[in-house]
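Below is one structure, written out as C-alpha cells; the observations come after it.
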Amino acid sequence: MNPTLAEVTRQLLQVYGRYPRKRLGQHFLTDPQVVQRIIQAAELSKDDLLVEIGSGLGVVTTELAKAAYQVIAIEIDKELLRISRDILKDFNNVSFVGQDILKTDLHELVLGRRYKIIGNLPYYITAPIVEQILKAADKPEVAVIMVQKEVAERMVATPGTKKYGSFSIFTQFYAEVEINSFVSKSSFHPWPEVGSAVVTLKPHKTPKYKVKDEKLFFDIMHAAFQQRRKMLRSPLSEYNLEEAGLDLTRRPETLSIEEFIKLAGAAKP
Ligand code: SAM
C-alpha cells in the first residue's frame, strides 16, 4: 500500500532532520482530497503552466507536476528546496525558484505566457501575496490559494455584513472571488491554530470598474474604513463629497464598490 501524504510528510521531515518553521507559516497539506479539490478548482490540465507559491517539501508539487504541463515552484526555505528537488528529481517539468515570493517578479517567470497559480500560502503574508497576484503586469488566469478561513470570508464579503471591509473591496475590484471549500486543521501537519479555506480568484481580464483616479479611490476607501462605524462624513471630512449624491450619514460598511467609485469621482480635497 502506498504511504499516505501525512506519512510521506512526517518521514521526509524525520529523514532530513527538519522541524516545520512556524515563522515561515510551514503547515504542510496532508489531505489528498484537498489537493485534488485544488487541482480541480484550478481546472489544471496538461497544457498549463503553473506557478506554485510556497512549495515546501514538494509533496503537493508532485501532484501538481502530474497534472500540469510545467510547474515553477517558489520556496524561500533553502533546506526545503533541497528536499523537494530530491523528491522531484524524476520530474523534468518542474523548475525551482529559491527566493521570497514578494521579491519575485512574476512577469520574469512567465514572460507573457498564459499561466495559473496554486499556493497553500504562508498565512503571515497573505495580503501582500494577494496584492502581488492581482496587481501583476501578467495576471494569472486563475489563482487557487489556501488562506486563513477568516481572510477568505473577508475576501468574499458583501456590503452591510460584518466581514466586509477594505480587503473585500480590494479583492473584488480586481477579481471574481469565490470560496471553494473550508479545510479543517487536521488536513495539515502540523495543525495550524486557525481554520483554512480554498479560495478561487479569477482576475478580471479587462477592468470591471471604471475609476478616474485609482489611488484616490483606494485612499478614500481606506480612510472611510479607518472608522467603519462612523458616518461617512466624519472619516472623509477632508474631502468635499457633496456632489456624489450619496447620503453621507451612511456608514462606510454599507457602501458598494460602485458607491465608493461615485465618492472618489466627486471628491475634491
Ligand atoms: N506547499 C506546501 C504544502 O502545501 O504542503 C507548503 C505550504 S506552507 C503553508 C507555506 C510554504 O511557504 C512553506 O514551505 C514556507 O517555507 C513557504 N514560504 C514562507 N514564506 C515565503 C516567502 N516569503 N516566499 C516564498 N515561500 C515562502
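Glycine is treated like the rest: Cβ placed from N, Cα and C.
Bear in mind that the values here come from a model prediction, so they are computed numbers and not experimental data.
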| field | Which of Asn92, Asn93, Asn120 belongs with His27, Leu29, Gly54, Glu75, Asp100 in the S-adenosyl-L-methionine site listed by TrEMBL | value | Asn120
| query | Taking every protein chain shown into account, which of the binding-site residues His27, Leu29, Gly54, Asp100, Asn120 has the largest tally of Cβ atoms within 10 Å of its Cβ? | reply | Asn120
| field | Packing count at Glu75 (S-adenosyl-L-methionine binding site) (other Cβ atoms within 10 Å of its Cβ) | value | 27
| query | What mean pLDDT score does the domain 'Ribosomal RNA adenine methylase transferase N-terminal' (34-205) have in the model? | reply | 98
